[in-house]
Amino acid sequence: MAFSSSIFSVTQFSSSLASRPSSAISRQTRFPAQIASPDLSPALFDDRRKFVGGVMSLLTKSIKNRVYASINSIDSAATPSYPKSEDDDDVVPMPMVMIDQDADPEATIVQLSFGNRLGALIDTMRALKDLGLDVIKGTVSTEGSIKQTKFSITKRDTGRKVEDPDLLEQIRLTIINNLLKYHPECSEQLAMGETFGIKAPEKKIDVDIATHIHVKEDGPKRSLLVIETADRPGLVVEMIKVMADVNIDVESAEIDTEGLVAKDKFHVSYQGQALNRSLSQVLVNCLRYFLRRPETDIDSY
């Protein structure tokens, strides 16, 4: 009789647990002394086999009830829950477009990423073909939560990589335009979003703070010009015009766009030679003035 009443009390505990899982597991966890231990005296059983069987049966039911309580309890200490942020899925990743001229001697590498939201990019490849380019290879890789797509492209008429800086800028703007078209949520993270997107960027980059210009040695025949500044439509073409005004030749360019920031590299020369120190300083000053020109023009009046 004592054993039967013990089984009954556990069953009742399970029943009350189903109706009130939170309070039941709280009582069990916080106040274990309040739960009476069942009477398992061997004298209540006819033989040793019945005793062992009774204990195992009770133990099994107890374990099942505890597992059931852990699954259904909302404040169980054994199974803590970690609330997921409501806007985890609403965070818009940073769009990135990189045009690499050094990775492959035969082709221009275009790499773009937008978290894990990019698809097959069929329309982007079609748009590149409209520029007279051939996509000879495409690869997709994943690093953590970021999906990166790479295209190897060449000029259709020559079969060689793209060297013309104007065409490189067209490639960049074409890709960004497709991003804005098929992923309009990225508009507030791109400079072109202010003109062509559904929502202009909320955060404005201070041009004075963001602008860094350096000229480095890159052999006797050319120099490496590195520019980091706030991005804007047509930036590369305009910078090349500034260089042409001081008779600097642009041999090739690498163009990277990381959200609102442009990070560009140009291989430049003057009359077939690398830039000396004084000419490098003239170039840096001209570019710095051009990049700050909107504010300078206003202040000059």
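Cβ coordinates come from backbone N, Cα and C, glycine included.
Record features (Swiss-Prot):
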- 1-57: transit peptide (TRANSIT)
- 109-189: domain 'ACT 1' (DOMAIN)
- 224-294: domain 'ACT 2' (DOMAIN)
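Across the domain 'ACT 1' (109-189), DSSP assigns 32 helix, 28 strand, 21 coil. The average pLDDT for the domain 'ACT 2' (224-294) in the predicted structure is 90.
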